[in-house]
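Positions annotated as transmembrane segment by TrEMBL: 12-33, 53-75, 87-106, 158-184, 191-212, 255-288.
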Amino acid sequence: MASLSSRTHGNNLRNAVVALLAPLPSIFFYLSFLRHYSTAEADSLSPLWTWCYSHPLLLANVLFFLNVNLLFWLVGLLQSSHWMIDLYWTVIPVLLVHYFSTHPLAECNAWRSSLVIFLTWVWSVRLTHSYFRREKWQFGAREDWRFSDLRLQYGKNWWWVSFFAVYLIQQVFLMGICLPLYAVHSKDRQLNIWDLVAALVCLTGVTIAYFADTQLHNFVSRNEKLKQLGQALVPNLDEGLWHYSRHPNYFGEQLWWWGLVIFAWNLVNGWMFIGALVNSLCLAYVTILVEERMLKQQYRAEAYKNYQKTTSVWVPWFKTSLAGKKKET
């Protein structure tokens with residue numbers, strides 16, 4: 001037992017070091033660019049630094065591709081686990097908002113920029129806390145169950161399929177939904193009522209997601225204790241926000257991203273809703289996968305079928321009468 005505990009502690013420490021070192025290549029490169037830019041005349045910059053100056057959005061994508069897609073993928077192959085992308089989903093938006101705000105071509109309203117940076121930090125701290133609480137405060141304890149399922153599905157081809165299915169697709173999603181962070185730092189326009197609306201939507205989303213995840217964590221913890229005692233598990237969470245929605249955590253997360261879209265729309269970049277829309281569609285598919293997984297668990301299948309019939313999928317709403325459903329059929 002002591003040997004197992006020591007090994008777990010060693011793995012946790014090793015993964016923590018890997019996670020902390022992983023983004024440093026991009027950070028050091030960008031800081032080097034800023035140093036060269038600040039100490040040289042614009043027309044005397046090298047071709048590399050000139051390109052970095054002229055293409056802030058492309059540079060962000062190149063750094064993401066090299067540092068996240070390639071480096072994280074190689075680390076995942078070496079560890080036989082692609083756990084790190086889940087952790088950095090909570091961190092990358094923070095890195096991006098600071099990148100966009102400090103790039104020499106940034107043009108923004110200082111109050112709006114500060115507001116969005118603050119909100120992004122609030123969102124990130126909430127989600128990071130939820131991630132580590134779920135993982136029992138360990139780094140790399142496991143990879144996302146969807147990746148594990150894909151690993152079994154693709155077998156010996158998983159090593160190269162994972163580059164596209166885990167990493168490249170994450171770049172499309174993350175860079176797409178983070179476009180409003182770029183919009184906020186590409187136009188200087190006075191604050192107005194729509195900024196307050198956007199901030200309220202973002203904060204509402206973060207708050208709903210926090211309480212939903214906390215209620216889910218408490219439910220899972222209670223079931224784990226019941227399992228240890230050899231008692232029957234509670235088949236379904238039907239309390240708190242989960243009484244009104246089958247996936248209130250997903251609903252809160254979507255509110256956050258659509259709140260950012262309002263910031264972009266207010267700056268005449270309404271087309272940036274595409275990122276949030278694609279993310280919502282993807283989450284709708286994930287919802288289907290999650291519910292299929294729930295129905296495969298014998299002890300909860302019947303209870304969950306009834307839960308599906310009476311409870312809204314995402315948007316919290318009042319229960320539908322099960323008796324009414326039976327009459328319709």
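Using N, Cα and C of the backbone, Cβ positions are placed for all residues, glycine too.
Caution: TrEMBL annotation is automatic and unverified by curators.
Long-range contacts of the transmembrane segment (53-75) within the same chain, counting only residues at least 6 positions beyond its ends with a Cβ under 8 Å from a Cβ of the stretch, are 18, 22-23, 25-26, 29-30, 33, 37, 42, 45, 82, 84-85, 88, 92, 96, 99-100, 103-106, 162-163, 166-168, 170-171, 174-175, 182.
In summary, the transmembrane segment (191-212) lies against the transmembrane segment (255-288): three or more C-beta pairs, each 6 or more positions apart in sequence, are under 8 Å. Proximity of distant same-chain residues to the transmembrane segment (87-106), defined by a Cβ-Cβ separation under 8 Å and at least 6 residues beyond the stretch ends, is recorded for 19, 22-23, 26-27, 30, 34, 37, 53-54, 56, 60, 64, 68, 72, 113, 116-117, 120-121, 123-124, 127-128, 131, 139, 170, 174, 178, 181-182, 184-186.
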